[in-house]
Amino acid sequence: MAAAAGVQIQQSRRLPDFLNSVNLKYVKLGYHYLISNLLTLCLIPVMAVILIEASQMNPDDILHLWKHLKYNLVSVIICSTVLVFGSTVYIMTRPRPVYLVDYSCYKANDELKAPYERFMQHSRLTGDFDESSLEFQRKILERSGLGDETYVPEAMHHLPPQPSMQAAREEAEQVMFGALDKLFANTNVKPKDIGVLVVNCSLFNPTPSLSAMIVNKYKLRGNIRSFNLGGMGCSAGVIAVDLAKDMLQVHRNTYAVVVSTENITQNWYFGNEKSMLIPNCLFRVGGAAILLSNKSVDRRRAKYKLVHVVRTHRGADDKAFRCVYQEQDDAGKTGVSLSKDLMAIAGGALKTNITTLGPLVLPISEQLLFFATLIIKKIFNKHVKPYIPDFKLAFDHFCIHAGGRAVIDELEKNLQLTQVHVEASRMTLHRFGNTSSSSIWYELAYTEAKGRMRKGYKVWQIAFGSGFKCNSAVWQALRNVKPSPNGPWEDCIDRYPVKVVS
């Protein structure tokens, strides 16, 4: 929800130019991640050299080597010990690869669409908003970048709205089960084969939990490792993937399902506090289900391999902690308030995240230039601007959380991206609105639907969330990826991209 505040921020409150002031300790953290895999990095070239040398040996060389070792027991023992020890260390320390077999995004029925005129008319007829609040919502919607085909839950289409617990459960069931039904149909995976289940939904956490609802619906096995993440905002989808990845490192030969969604029904704000009205204008119905696997056999059919996850949490800072805050207004009506400092806090979190991520993904040439100018700045001249790394050399596609138009604009500017790089984010915001933690999956689906995903391409998913958090996931395509059946863009991709009115 954090990124939504961008649309109300004036020109003077843009995302900070964070690439002009980076903190050395976060660069060190990135290199720490790199060095932690140093043994693997060293063993791979050594093994490659040995294999190359062995392939060049002729039968006479092999016979000579055998005769030498035959009469030198000490050499045999030493070589065997080194070989066994090195192989054991490599096998024990290397992380198991995590494959993204497939994913699906929920698409609501047409009767739940909320075009601009209907939204404003409905807001007026509820009688909950004064003229100032209605005008504020009108301006937000005009600048938001949302189109006329986004969806709001059924309870919000009634007059008066009916945001009950039952209606919220029905919204959750429609979204989660709708996405999961398509996922199981497209992958031919049986629900009983799922070993790990992670569900994230920030604002709706009933008892039994959403994960328990899925276990009950699909009759998942009794020893399933299930988790339900709440209150973690729009970046929770990456957190859920990270948790599933860690579980797949422990539990062999199994599948993990991640379900990312948000629930709007009971979280619509019916007051007149401006800082709480923005979510009404931006957040829309959506959700995604992702199937991950650590089975080597699944590499052949998987779409992507998980390369990196980098998480940044700024919750120790009081301003960051309160910048996205659920509370009651003076009239006792509950909503999520967005601080005027949100963009600056988001900029700081993003700066930390990409500074840590840089050493893991950037080419050596970019890293050397970046690190050299940073050292010069720290030691000799504080006015020297550090070299701005070109992340376009590390990634082929960018999935920036579609939290608001202003955030996408500022990331495009600060990361020196092109219109094509942010097209998926803009078009997802236009077609589906801010679907919270699932928006990065609609963006990935857009790229696939456009036929732009090729084998070896790397994708950067980046999301912001309350707390305050900034999280990144990096995926690599294992083949030329085609869109899965019944995708969210299937009936409209030919109409995109569209020009978004300023």
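The backbone N, Cα and C atoms fix where each Cβ goes, glycine too.
The active site annotation in TrEMBL covers Cys234 (among others). A 10 Å cutoff on Cβ-Cβ distances gives Cys234 (active site) a total of 32 other Cβ atoms nearby, all chains included.
His313 (active site) is surrounded by 18 other CB atoms, counting those within 10 A of its CB over all protein chains shown. Here TrEMBL flags His313 (among others) as active site.
Under 8 Å, Cβ to Cβ, and six or more positions away along its own chain, His397 (active site) finds His421, Ala424, Leu444, Thr447, Arg452, Met453, Tyr457, Lys458, Val459, Trp460. Annotation comment: TrEMBL describes His397 (among others) as active site.
Per TrEMBL, the feature active site maps to His401 (among others). When Cβ atoms from all protein chains are considered, those within 10 Å of His401 (active site) total 33, not counting its own.
Per TrEMBL, the feature active site maps to His430 (among others).
Here the Cβ of Asn434 (active site) has 29 other Cβ atoms within 10 Å, regardless of which shown protein chain they belong to. The feature active site is assigned by TrEMBL to Asn434 (among others).
Summarising the annotation, TrEMBL assigns domain 'FAE' to 90-378.
Taken from TrEMBL, the feature domain 'Beta-ketoacyl-[acyl-carrier-protein] synthase III C-terminal' applies to 396-476. The domain 'Beta-ketoacyl-[acyl-carrier-protein] synthase III C-terminal' (396-476) scores a mean pLDDT of 95 in the predicted structure.
Taken from TrEMBL, the feature transmembrane segment covers 31-52 (among others).
TrEMBL lists 73-92 (among others) with the feature transmembrane segment.
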Cα-nearest neighbour of Cys234 (active site) within the listed active-site residues, His313, His430, Asn434: Asn434
Spatial neighbours of His401 (active site), counting only the active-site residues His313, His430, Asn434 and Cα distances within 10 Å: Asn434
Protein Cβ atoms within 10 Å of His430 (active site), excluding its own: 22
Spatial separation of Asn434 (active site) from His313 (active site) - C-alpha basis, Å: 22
